[in-house]
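If you check TrEMBL, you get these features:
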BINDING   A:THR109, A:SER110, A:PHE137, A:PRO138, A:THR139, A:ASP140, A:ASP209, A:HIS212, A:TYR234, A:TRP264, A:THR290  pyridoxal 5'-phosphate binding site
MOD_RES   A:LYS235  N6-(pyridoxal phosphate)lysine
Protein chains: 2
Amino acid sequence: MTGFDAAAAIRAKRLHDRAAELDAADGLAALRDRFLLPEGVVYLDGNSLGALPAAVPDAVEDAVRRQWGTDLIRSWNDNDWWDAPTRIGDTVGRLVGAAKGQVVCGDSTSVQLYNALTGAARLRPGRTLLLTDPDHFPTDQYIADAVARTLGLTVRRVPVRELPGVLAADGPDVAVAAYGPVDYRTGELYDMAALTDAVHAAGAVVLWDLCHAAGAVPVELDAIGADFAVGCGYKYLSGGPGAPAFVYVAARHQDAFDHAITGWHGHAEPFGMHGTYTPAPGISRARIGTPPLLSMLALEAALTAFDGVDMKALRAKSTSLTGFFLDCADTLLDGLGFTVATPRDPERRGSQVSLRHEHAYPMVQALIARGYIGDMRAPDILRFGFNALYVTHADVAGLAAELLRITEEREYADGRFAARSTVT
Amino acid sequence: MTGFDAAAAIRAKRLHDRAAELDAADGLAALRDRFLLPEGVVYLDGNSLGALPAAVPDAVEDAVRRQWGTDLIRSWNDNDWWDAPTRIGDTVGRLVGAAKGQVVCGDSTSVQLYNALTGAARLRPGRTLLLTDPDHFPTDQYIADAVARTLGLTVRRVPVRELPGVLAADGPDVAVAAYGPVDYRTGELYDMAALTDAVHAAGAVVLWDLCHAAGAVPVELDAIGADFAVGCGYKYLSGGPGAPAFVYVAARHQDAFDHAITGWHGHAEPFGMHGTYTPAPGISRARIGTPPLLSMLALEAALTAFDGVDMKALRAKSTSLTGFFLDCADTLLDGLGFTVATPRDPERRGSQVSLRHEHAYPMVQALIARGYIGDMRAPDILRFGFNALYVTHADVAGLAAELLRITEEREYADGRFAARSTVT
């Protein structure tokens, strides 16, 4: 703790000790061994790319050498490649409260959004509005605009707080509301059940983007009566870089799901080689083309990190981590130009805490140089994801201490942290 | 050769000897060592799933353990993940006659078709027809119908032979012609240059599906003035199961390329987190969402199997293999109920030979049981792909001999070969 003044050093030591107590009492601590975390790194960017689960390397090697190399084309049957999208979909479904037969894995989130949003809007012919969040992740907004264009709809950007009012006023015109339960910048968690009810009261359907929710916060798609959802595989699900996304189509909508990208894997008889499209029954119609099997099987292996995990206990640890970081920030970083962007009410918080600071970019670079990996989002957000499967309270206390050091010593002003790189 | 009559045995022996001569004179024979082919298997289904290139396992392990596991999120910069779609695209481009900056890798063929076909049709506003081949691979037809529906176009299915006539008659109404240069069932190869010219003479644009052409037959997209192309990574490119597809957008169309799925990776400033879409300049606008990196990097490693390969020499070997198989079939299989579905003119032949037989399905199963892996396509096609990088003339002679045995001994009538499995 050299460089801190004496009072700060005492406060940091107290937080360090408190972290040790919390970690000692953590019933999920052993889950960390399900990940291969590099030495010297505290990884707080699992909300952008999850860490490597220990089960993945062997599974991928088997997929490459035995399934592809030796079994070759026979793997479509013998190693169940054909069923991978629905099989892995069911596994993801368990993490988001979806009974079997409602989730398919494959493609990117952007593609799944395009496909599902088209199918969702077609359920409400004659309605002209597609509502989405002006603070939604960019691709969600771009895809909403793209789908609205082809279907002749109008996109209206309505902040979450104003959504119930707009639905009450203009509900009969609304076809779809496309929202995320967690703000990707601030980590604010919205009430999915209440918003779903409000959308339904207007006679519209809801499409949830679960990218920052799946595996991170409790999601009960079936219980709240959600219509559609999409999400990515590479954040809290730790499925690997660009891991395939997933789509949920509630069973009651599947027969009428009239989606955009009618690829042959979604055909009722894909090997009949028919010239016109007849959608498969059930969730299989949400399949599109041939999925990237190596990435799919990596995701499947990664999901075993959740085997036997009590999602309520995981959520409790997550709120403990995020709450503790807020305590740390209050204790160590007060008066240093930070503001907390994330709600203090744990019920309104995802598994992430974001701070704002005018020097966010070089600060995050300086943190990374010190082995604490978070990320930033323009213009001024330092974003830290706390994957409760592998992050400890000691990591959190260390993060706060490093932020104090970087700020007090103005380390972020070092020229080597100023340059912008392609991806932050 | 037990079981053959004496005359057939002599003919088979002559073909076997001729194969040995041809292989001894094969200047590309050493390329076979760039693949890890299983013992006891002759692999003639590389037109469905290419064999495993020797460079892939280590590359994938590095991608998993070092790039993902150790470097984590930093790999987007430090290991050039961000540039993978255009970098690998350029590598594919070299195999299909595309100068740099015109090809992007990622997503499935179905998704790329949807996206590119939309962009292609929007280049010709006011024109109402989308022409495609009634014998095109199913997903091409389904996607043509899907795109036409959203854009208010009409799909007309016109066989390749009738295409010039239809273009001459109804050209001013045609927006796009979407065809493949190789018939996926028969292996017939069409004249891409002449058809491209005919499409252009009508003022329309052409979209080529190169799934059965890339890496298999000479393709010169720039030289023939093609407008758009898509293709898959997992057939003759041997990129692995479900390897990402690619899309070619000719440089002259890129500024006006107004595609369907406006994902954030195609944005001019993807990390600016803007709420509206501004397409990136150049080919990057054809990027969609986050690509499946493990599958992408497997494809990239696989493409090194083409390093330094003279594509003209590869084509010469391919026509030698397919021609030799036709000789073998004529010599050994005459009068046994087979008909040749593939043109005998090597100029009109892809890297595949298809035979028709009423018992095609169980015959292919019996062949597989004997270690000769081909596939079948409904209703009656036995399909054999000859990837000249790793198939030998001895493989071809052996295939014909096995077919003779299976037919003469009516082995295909064995009940164990009759049941249909999910994927053939």
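Cβ coordinates come from backbone N, Cα and C, glycine included.
Distribution of TrEMBL features across the structure.
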residue	record	Cβ neighbours (10 Å)
A:THR109	pyridoxal 5'-phosphate binding site	29
A:PHE137	pyridoxal 5'-phosphate binding site	21
A:THR139	pyridoxal 5'-phosphate binding site	27
A:ASP209	pyridoxal 5'-phosphate binding site	30
A:TYR234	pyridoxal 5'-phosphate binding site	28
A:LYS235	N6-(pyridoxal phosphate)lysine	28
A:THR290	pyridoxal 5'-phosphate binding site	26
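Between the CA atoms of A:THR139 (pyridoxal 5'-phosphate binding site) and A:LYS235 (N6-(pyridoxal phosphate)lysine) there is a gap of 16 Å.
Proximity to chain B (Cβ-Cβ under 8 A) holds for A:THR109 out of the recorded positions A:THR109, A:ASP209, A:LYS235. Residues A:THR109, A:SER110, A:PHE137, A:PRO138, A:THR139, A:ASP140, A:ASP209, A:HIS212, A:TYR234, A:TRP264, A:THR290 are listed as the pyridoxal 5'-phosphate binders, and the farthest two of them sit 30 Å apart at their Cα atoms. According to its DSSP assignment, A:TYR234 (pyridoxal 5'-phosphate binding site) is coil. A:PHE137 (pyridoxal 5'-phosphate binding site) carries neither a helix nor a strand DSSP state and counts as coil. Rounded to a whole number, the distance between the Cα atoms of the residue listed as 'N6-(pyridoxal phosphate)lysine' and A:ASP209 (pyridoxal 5'-phosphate binding site) is 13 Å. A:ASP209 (pyridoxal 5'-phosphate binding site) carries a strand DSSP state (E or B). In space, A:THR109 is the closest of the binding-site residues A:THR109, A:PHE137, A:THR290 to A:LYS235 (N6-(pyridoxal phosphate)lysine), judged by Cα positions. A:THR290 (pyridoxal 5'-phosphate binding site) falls outside any helix or strand according to DSSP and counts as coil. In three-state terms derived from DSSP, A:THR109 (pyridoxal 5'-phosphate binding site) belongs to a helical segment.
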